[in-house]
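The structure under discussion appears below in the form of structure tokens.
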Amino acid sequence: MSQEEVTLKKKILFATSSFPDQLTYQAFTIYVFTFYFAVVHLSMVEIWIGFILWGFWNMINDPLLGALSERTKQKAKLGKRKLYLIISFIPLSLMMILLFTVPANIEFVYFIIIIFTFEFFYTMFSVNTNAVFPEMFPTEKKRGSVNIFIKSFTMIAVIMASLIPTLIIDPLVPIIDPLVDPIGSAAEVAGIRSMYIISGVILFLIVLIMSLLFIFFSVEEKEEDVAVFEKRPGFFESIKITFSNKTFIKFTFGNMLIWYCFNILLTVFPLYGVYVLGITEGSLMIGVTLMIALLSAAIFQPIQSKIRAKIGTRKGLIIGLSIWILTLFPLIFLSNSGISRTLSLVIFFAIGFGLSAALFYIDLIHGDVIDQDSLKFGVKRAASYYGVNAFIHRFSTILGITTIYFVFSGTGWSTYTPITNDLSLTILGIKALIFIFPAIALVGAIVCFKFYDLHGEKLQNMRKELEQHPELKPR
């Protein structure tokens, strides 16, 4: 594949990986917190404890699955990455249903078990999908051409993750006060639970179909030479080498802060829509608002490609993140009015520019880091890097939930109630979560990429050196 042009069919089929990779995780990010907090009625403390334990689980799960993929010998037509994709895609698809089928009386225990299980199969799928990308498309030109399709499909996948549930679930959260009408409240909660399950079934079917197209009609792996395989370091040595790569650490912490912004915005927005914008009926409006941001991000993808060609990947990302901060700022001024709800559509369209920059540039930068490492050690260790990156990346979710925990607890919302004691204080907390904390994270990400040094002449020299080592490229 390294000498051939990538066909349109191949680009599209590979891009279908965005559905199992991104639709699942974004559905998890957008709706799991809202569901377990507002519908299942877990307290903020229980949710926070669950995600802290989930973080410790990821300390083992993510790097281990990455290293395991690296140390697996290729098995004929199953390959090595493809083997794990086949193992994981059906359980990952089923998670879209099982996340919302909560048994009575063991809600907290089930919450912990299901997020652990989801993370295991998601990481197994995602690490190997991301690892096979630079292996199948070894040059910057090919990665860029395929990346446009991947990110466009990612937008579609995330739009589906945000929009499909709002087409079915109405309202997203209970609005009947159980103290005023306990029977009506119980019936409302039961109805909302069933609607979450129905939306999960639809997402399950989409993920399953797209996984089949990606795995069995797109993934192609080169035959790995035995000598090359033996060069691969063991698990602990691989982890040590990966963490010693300063370029990778700068990239990963910047990426973690970007994903902190993604996660906190997507997690809080359903509640922002209900309590700040006043969308208590017609949940579709919440999904449409998110959809506009994601559609605009897809529209801006070709523009990001032109910006990259003119000023480079690193500078393009920094500019995009700066614009993202500016476009988030107006959200703190919106309120429960028709004008604000209309303005929110315009603002979220503008937010799409920064969103598109983050999605477009991150994978390209990560591919460069992996290429640099392969020159140093004589073997590509993509899965190890994606595994460790996934582990650090998960801290963005832990940081996000921790931020929400302290803000909600400090504003009298440690347990969900439809009617809060001080609505103005609740709204203040939600607005802080929708702008102040994401803005701080994006500033931190900009600083990380300011110090990221694999760019300009150094990057060009690395790419020239890589051209002299065809053994590091897929055949």
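Along the chain as shown, residues are numbered 1 onward.
Cβ coordinates are placed from backbone N, Cα and C, and glycine is handled just like the others.
The domain 'Major facilitator superfamily (MFS) profile' annotation in TrEMBL covers 1-223. Note on the domain 'Major facilitator superfamily (MFS) profile' (1-223): its mean pLDDT in the predicted model is 91.
Per TrEMBL, transmembrane segment is recorded for 28-57 (among others).
TrEMBL lists 83-102 (among others) with the feature transmembrane segment.
Among the features that TrEMBL reports, transmembrane segment is placed at 108-127 (among others).
The feature transmembrane segment is assigned by TrEMBL to 148-169 (among others). Tertiary proximity for the transmembrane segment (148-169) is limited to same-chain residues at least six positions away from its ends with a CB under 8 Å from its CB atoms, namely 11-12, 14-19, 21-24, 26-27, 30-31, 133, 192, 195-196, 198-199, 202-203, 206, 266, 283-288, 290-291, 294-295, 297-298, 301-302, 305, 356, 359-360, 363.
If you look up TrEMBL, you'll see 195-217 (among others) marked as transmembrane segment.
Look at TrEMBL and you will find 257-278 (among others) tagged as transmembrane segment.
Marked as transmembrane segment by TrEMBL: 284-304 (among others).
The transmembrane segment feature in TrEMBL is assigned to 316-336 (among others).
TrEMBL lists 342-362 (among others) with the feature transmembrane segment.
According to TrEMBL, the transmembrane segment annotation covers 383-408 (among others).
Sequence-distant contacts of the transmembrane segment (428-452) (same chain, six or more residues past either end, CB-CB distance under 8 Å): 247, 250-251, 253-255, 257-258, 260-261, 264-265, 268-269, 271-272, 275-276, 314, 317-318, 321-322, 324-325, 328-329, 331-332, 354, 365, 403-404, 407-408, 410-411, 413. What TrEMBL lists as transmembrane segment is 428-452 (among others).
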Using a Cβ cut-off under 8 Å, which residues of the same chain at least 6 positions beyond either end of the transmembrane segment (383-408) come close to it? 29, 33, 44-45, 47-48, 51-52, 54-55, 58-59, 61-67, 69-70, 81, 119, 123, 126-128, 130-131, 238-239, 241-243, 248, 252-253, 255-260, 262-264, 267-268, 366, 369-370, 373, 414, 429, 432-433, 437
Could you tell me whether the transmembrane segment (108-127) and the transmembrane segment (316-336) are in contact, taking contact to mean 3+ Cβ pairs under 8 Å with a sequence separation of 6 or more? no
